[in-house]
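Annotation comment: Swiss-Prot describes HIS119, HIS123, HIS129 as Zn(2+) binding site, evidence class sequence analysis.
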Amino acid sequence: MTTPIIDLQIAAENSENLPSLAQFTQWVQRALAHEAQTEDFPETEITIRIVDEAESYELNLTYRGKDKPTNVLSFPFEVPEGIELPLLGDLIICRQVVEKEAQEQQISLESHWAHLAIHGTLHLLGYDHIEDAEAEEMEGLETEIMQSLGFEDPYISEKVIEE
């Protein structure tokens with residue numbers, strides 16, 4: 001089984017109760033293997049940076065024009081033509097937003113961290129959720145991957161509300 005290389009950067013002031021490098025690696029690995037439909041996907045490197053609200057706010061404002069911090073930002077790395085590099089991109093995850101959302105949604109913190117690592121990895125692989133059909137496909141993949149890891153459907157609360 002191929003193991004992705006994860007460069008885990010902790011830029012958050014409070015680093016208590018954060019997932020371990022092994023956890024992030026497992027979550028990203030499962031997303032990559034699911035996408036490749038094989039356990040032996042190409043060598044891949046991803047940077048995961050855990051930040052506080054101030055950095056998330058600045059990045060979200062600069063790159064998305066959104067005047068607030070967000071849970072996860074994905075920055076795919078575009079390798080210049082003719083160069084072979086295993087870099088997939090960077091994920092920026094805001095600790096405070098993750099904790100707040102997990103509490104509001106009444107889900108485990110570990111489950112929400114896993115979901116956002118998987119969600120961000122799928123963005124790095126080219127998935128998006130701007131159009132309804134894209135969102136449905138991406139949410140379906142996230143649900144399959146999360147359930148394969150023993151977590152519940154991350155969108156279950158939204159589905160209950162819709163019914």
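Just so you know, glycine gets a Cβ as well, placed from its N, Cα and C.
One way to see the shell of the Zn(2+) site is to take the Cβ centroid of HIS119, HIS123, HIS129; the remaining same-chain residues with a Cβ within 8 Å of it are VAL72, SER74, GLY120, LEU122, TYR127, ASP128, MET138, GLU142. With the fewest other Cβ atoms inside 10 Å of its Cβ, the least crowded of the binding-site residues HIS119, HIS123, HIS129 in this structure is HIS129. DSSP classifies HIS129 (Zn(2+) binding site) as coil under the three-state reduction.
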